[in-house]
Amino acid sequence: MVPTRSSYPSSHILKELLDEPEVLWAEQQVLQKYEMYSHHDEVIFNDPMWKDQWYMMRDDGPMYNVLEVWKMGYTGKGVVVGVVDSGLDKNHTELKKNFDQEASFDFEENEEDPGSNNIDKSVSHGNGCAGIIAAVANNSFCGVGIAYNANIGGIRILSGEGLTDAKQAKGISFRQDYVDIYSCSWGPTDYGYEVEEAGVMTEAALRQGAFEGRKGLGSIFVFAAGNGGYSDDSCAFNGLVNSIYTIAITGVKKDGSLPRWGEHCPGILAVTYSKGMLYILDQTKVITATGDGKCTDDFGASSAAAPMASGIIALALEANKNLTWRDVQHIIIRSSRANGLANGTVIQTEDWITNGANLTASNNVGFGLMDAHRLVSLAVNWTTVAPQLKCTISHPRINRVIPSADALKVTVSLNDVTVTVTRLCLGSKINYLEHVQVRVNLNYTVRGELEMNLTSPQGTTSRLTQYRPKDNSPDATNLTNWVILTLHHWGENPSGIWELSLKNAKPEHKNTGMLFDWALIIFGTATDPLKVNAIPEVLYLVGMLLPTTIHNTDKPTDNSGRLLHTFWI
């Protein structure tokens with residue numbers, strides 16, 4: 001017998017065994033050094049705050065799975081992200097190596113340097129956004145960016161003097177031939193009573209970027225959904241969110257709960273991690289650069305959530321540079337994680353719906369938590385979706401009273417000859433929905449107490465507007481040509497009857513109003529995007545815990561062979 005603890009060859013014994021005619025194979029078993037793997041053991045950076053970046057590396061809850069993407073070789077290299085914000089310090093240690101002058105301009109001072117030359121430029125907010133996206137890795141300073149090899153530019157449009165439509169348009173149209181992603185952590189004020197549409201020039205810049213940016217593939221516009229939750233505000237009244245060309249992102253806290261600042265609307269595409277504004281109460285750390293050349297761990301709210309998404313999208317664009325702006329939205333929807341991850345759900349919201357295409361969505365968090373590994377796995381072999389089709393069904397001069405007690409319900413159909421429809425509506429050429437918009441002209445005695453819902457032929461109801469208590473001015477009762485976006489019908493077939501319902505959220509207040517006219521605007525494709533795009537196996541693991549034995553090497557399974565312990569992926 002070979003000693004059980006032998007670490008040295010016993011060749012004479014092995015030879016004797018092999019000489020036996022009935023022995024077909026023999027090999028001495030020798031103890032070797034092994035270690036238990038955690039999913040992040042292979043990724044080690046010398047950046048001192050890397051260990052605090054739980055949203056990229058933790059075992060106690062879901063994260064973005066960027067480590068798996070980095071191991072695939074994608075780090076954002078070759079992707080250009082423009083941070084449209086308050087400026088950027090190109091000499092900051094965390095940003096200097098990845099700074100891209102070609103993607104940078106200061107529209108406040110009309111100069112190329114986006115923030116380093118003048119000490120009176122407040123670049124802290126812009127640096128914070130840029131650091132989340134592309135902070136340099138392995139520089140023994142601060143932390144690590146999600147796309148730490150991406151090119152980062154600073155496009156300065158913000159100052160303490162407000163923001164014009166023209167300046168917004170300049171910012172998001174700067175070098176659309178060169179910049180891939182525009183990361184925008186700003187928007188209209190969110191006090192809970194404003195109705196702010198995108199300006200004419202801004203909307204034109206968004207459209208131009210979608211059709212001409214990135215050499216015709218389309219610019220990627222990522223916008224923060226807003227911080228108006230403290231005022232019970234809704235991003236349904238934010239024209240930037242209601243644009244089909246933007247990707248609206250909000251945040252959840254580390255434990256999956258909704259932050260108090262979070263806004264809600266059916267135009268939110270997805271959610272990333274962030275932290276609350278009350279930093280004393282919320283000790284969650286979000287690591288990034290500051291405006292004074294240092295680091296911080298308390299950057300938060302939707303200002304942090306949007307660049308988190310921009311960094312993840314940069315990884316996908318490196319994996320597949322041929323993705324169009326619509327492709328990016330498709331793969332985010334298909335790859336984001338909704339439930340089944342932590343105590344039954346990763347995101348603690350009760351407003352989940354499952355639409356007729358079996359997609360799960362929420363007014364609070366869109367289609368769920370972004371997942372870089374799932375996103376990139378889908379992006380790698382993604383085939384561009386069919387051309388976008390548009391259908392507008394107008395119902396002019398309807399002039400219907402919105403009653404105090406009951407709901408006003410009006411309907412349209414793609415084949416309804418009593419309403420005005422565009423040519424593409426006839427024959428239901430759109431078979432697979434993408435964006436759906438509702439345009440209304442109405443007045444209501446207390447605008448913030450009007451609830452609007454849209455129900456599709458598949459039976460899916462989108463909550464377009466909800467009770468907004470501060471929107472109660474007697475001088476602001478109209479919604480004029482107001483367009484609200486919903487993504488919650490994505491993938492459905494639009495054929496059949498659509499119903500718009502308007503009702504009083506506070507019947508005891510005896511509110512009334514008038515719906516003058518409305519229109520349903522739908523976008524989509526004639527063919528199924530999934531027919532030419534196979535879903536990678538990793539996406540079928542949505543909501544699942546993958547088992548491992550790393551926490552219990554003595555008893556890895558029960559009698560049925562099931563692994564007993566799990567870790568988060």
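Just so it is clear, glycine is given a Cβ too, placed from its N, Cα and C backbone atoms.
Feature list (source: TrEMBL):
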- Asp85: active site, charge relay system (ACT_SITE)
- His125: active site, charge relay system (ACT_SITE)
- Ser303: active site, charge relay system (ACT_SITE)
- 385-528: domain 'P/Homo B' (DOMAIN)
Given a separation of at least six residues and a C-beta threshold under 8 Å, show me what packs close to Ser303 (active site, charge relay system) in the same chain. His125, Gly128, Cys129, Ser185, Trp186, Ala224, Asn227
For His125 (active site, charge relay system), just count the other CB atoms lying within 10 A of its CB, please. 20
Around Asp85 (active site, charge relay system), how many other C-beta atoms are within 10 angstroms of its C-beta? 28
Integer average pLDDT (0 to 100) for the domain 'P/Homo B' (385-528): 92
Using DSSP with the three-state reduction, classify Asp85 (active site, charge relay system) as helix, strand or coil. strand
Residue counts in helix (H, G, I), strand (E, B) and coil for the domain 'P/Homo B' (385-528), per DSSP? 9 helix, 72 strand, 63 coil
What kind of secondary structure is His125 (active site, charge relay system) part of, going by DSSP in three states? helix
